[in-house]
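Colleague: A single structure is presented below for examination.
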Amino acid sequence: MTVSDPVVEDVVSTISRTATEIRQGLVGRRGTVDEENPSGETQAEADIWADELLEGRLTEIDGIGEYASEERATVVDCGADPDGDAYAIACDPLDGSSNLKSNNAMGTIFGVYDAALPARGDTLVAAGYVLYGPITTMVLATEESVSVYEMSGGERRLVQSDVTLPEEPVVYGFGGGVSNWPDEFEAFAREIETELKLRYGGAMIADVNQVLTYGGIFGYPGLESRPAGKLRLQFEGNPIGYVVERAGGRSSNGHRSLLTIDPDDLHERTPVHVGNAELIDRLEDRPT
Ligand code: AHM
Ligand code: MG
């Protein structure tokens, strides 16, 4: 399947090629650097390297007006106007990069917004992620559908089209630490853990991919110590919310779709919940 919008196709092809390089270049880049990202987290050498690779490639594309990532404080202006004809790209270059230490799965997340950043998720025209698992796959959501590709040598090969969440949920994964969960979320989680199987790997992309494959729910709630939670709306919440909603599921900050949140800040955080609609409805129905 090719993407019908030529700029989006260019973005997806560029990310396909770059992701192959990122995967191969991780060897020797497992250390941390003496820097913090704009969210105050220690950066891995690989975070900065992957961000620079993506920025270099994506800002060259005609029709791209802005590039932003979790790893840099401000938006890179590429000259064209995302509130006009151009698009803006937001990336999490290496989601779950703390998994580098234990050699577990990670991913690259991207969102293509038809508005200047920070933007609402309902201005996305495409979003997806590359999962660096035993094999490299890309999940791509567009206005038309959600597709899965296997990636090899910079090329992507369609392996599944019109992806939808399985109707019967099977797995769940909740981040943040039980002792730090608000009581009402803990009560919900206790209910879910009697119904579904736990799958939590510390990289949202890998955990969401389990939900997309088997059905279920992934959540990173607001915490007692950090009410907005950990995940960032522009780089993580919106793109993943878009993918899961396009696949027939729901996304939520605990109250409403992530895609309807008006952002105030490029790096703002939000509670993130995605999965089968019935489970997200139940989460939202609880008193908070
Ligand atoms: P990152 O983008 O800096 O890697 O942080 C986000 C990651 C998510 O992939 C994952 O869901 C979460 O952090 C895991 O956090 P925790 O270690 O608190 O479980
Ligand atoms: Mg991340």
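Yeah, the Cβs are placed from backbone N, Cα and C, and that goes for glycine too.
Copying in the features that TrEMBL gives for the protein in this structure:
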DOMAIN    22-151  domain 'Fructose-1-6-bisphosphatase class I N-terminal'
BINDING   Glu70, Asp92, Leu94  Mg(2+) 1 binding site
BINDING   Asp92, Asp95, Glu236  Mg(2+) 2 binding site
BINDING   Asp95, Gly96, Ser97, Ser98, Tyr200, Lys230  substrate binding site
DOMAIN    165-284  domain 'Fructose-1-6-bisphosphatase class 1 C-terminal'
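Context for these features, please: burial, neighbours, distances.
Modeller: In the three-state DSSP assignment, the secondary structure recorded for Leu94 (Mg(2+) 1 binding site) is strand. Long-range Cβ contacts of Leu94 (Mg(2+) 1 binding site) within its own chain (separation 6+, distance under 8 Å): Ile22, Ala44, Ala46, Asp47, Ala50, Leu100, Met106, Gly107, Thr108.
Over all protein chains present, the Cβ of Glu236 (Mg(2+) 2 binding site) has 26 other Cβ atoms lying within 10 Å.
All chains included, 21 other C-beta atoms sit within 10 angstroms of the C-beta of Gly96 (substrate binding site).
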Colleague: Report the binding-site residues (Leu94, Tyr200, Glu236) that meet this criterion: Cβ distance to the nearest atom of ligand 2 under 6 Å. Use sequence order and write none if nothing qualifies.
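Modeller: So the answer is Glu236.
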Colleague: When you measure from each Cβ to the nearest atom of ligand 1, which of the binding-site residues Asp92, Asp95, Gly96, Ser97, Tyr200 fall under 6 angstroms?
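Modeller: The qualifying binding-site residues are Asp92, Asp95, Gly96, Ser97.
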Colleague: Sort the binding-site residues Ser98, Tyr200, Lys230, Glu236 by C-alpha distance from Asp92 (Mg(2+) 1 binding site) and give me just the closest.
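Modeller: So, spelling it out, the nearest of the binding-site residues is Glu236.
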Colleague: The record lists Asp95, Gly96, Ser97, Ser98, Tyr200, Lys230 as binding substrate. What's the largest Cα to Cα distance among them, in Å, rounded to a whole number?
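Modeller: The widest Cα-Cα gap among those binding residues is 15 Å.
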